[in-house]
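Annotated features, as they stand in Swiss-Prot:
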type: SIGNAL; residues: 1-36; note: signal peptide
type: ACT_SITE; residues: His75; note: active site, charge relay system
type: ACT_SITE; residues: Asp113; note: active site, charge relay system
type: ACT_SITE; residues: Ser193; note: active site, charge relay system
Amino acid sequence: MNKNVVIKSLAALTILTSVTGIGITLVEEVQQTAKAENNVTKVKDTNIFPYTGVVAFKSATGFVVGKNTILTNKHVSKNYKVGDRITAHPNSDKGNGGIYSIKKIINYPGKEDVSVIQVEERAIERGPKGFNFNDNVTPFKYAAGAKAGERIKVIGYPHPYKNKYVLYESTGPVMSVEGSSIVYSAHTESGNSGSPVLNSNNELVGIHFASDVKNDDNRNAYGVYFTPEIKKFIAENIDK
């Protein structure tokens, strides 16, 4: 995809956080969009990997990248401050991996929509494996790369409050990878911002941040592709 196409595509999309209220409610189990091959599945058990790597904000999603450290979008973290709370892999009213306080927020200095958030190690509300954040979550590892045609999955909390913090997994093909941009055909909604974009081995290729406004067979979703520079920034800001 050339830069002009990327710019035009980005101009036509909207950032989907639950603050906007844009989007439609997910079906209970599986939804398919014929040509785009978009599949959305409700996650039944969030206490197994890769779901133990995902966390919920009040209005969006994040995921674990290291000790006491999660990743989300800048447009998500700007609505939070030190002392606010995140919940590790909640599963509606069936429990979660604990509730934790934010202790530090570090935004990526470039244009990419990436923000590192460090949390207090000890839970405000314990998870199934005690009060330690790192005992209740599983950090993701990076993929070697990604290319057009490969299948990816986006795991997150669309309309988290409306859907009672039920986790959903959406799959589809990669359309293009260029620089720090990855475009894919996977159904995402308000609240999916900050979701991990994973390959078939559940390895990180990027972070979701937006989707086209249109809701048809040609609707694409957009993520930040993890370049060496972005990986370096994340590594330097993992809690010690």
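Glycine too: its Cβ is placed from the backbone N, Cα and C atoms.
Since this is a predicted model, take the numbers as computed values, not measurements.
Positions of Swiss-Prot features highlighted on the structure.
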{"residue": "His75", "record": "active site, charge relay system", "Cβ within 10 Å": "18"}
{"residue": "Asp113", "record": "active site, charge relay system", "Cβ within 10 Å": "24"}
{"residue": "Ser193", "record": "active site, charge relay system", "Cβ within 10 Å": "32"}
In DSSP terms, helix, strand or coil for His75 (active site, charge relay system)? helix
Inter-residue Cα distance where the pair is Ser193 (active site, charge relay system) and Asp113 (active site, charge relay system), in Å: 10
Could you measure between His75 (active site, charge relay system) and Ser193 (active site, charge relay system) for me? Cα positions, answer in whole angstrom. 9
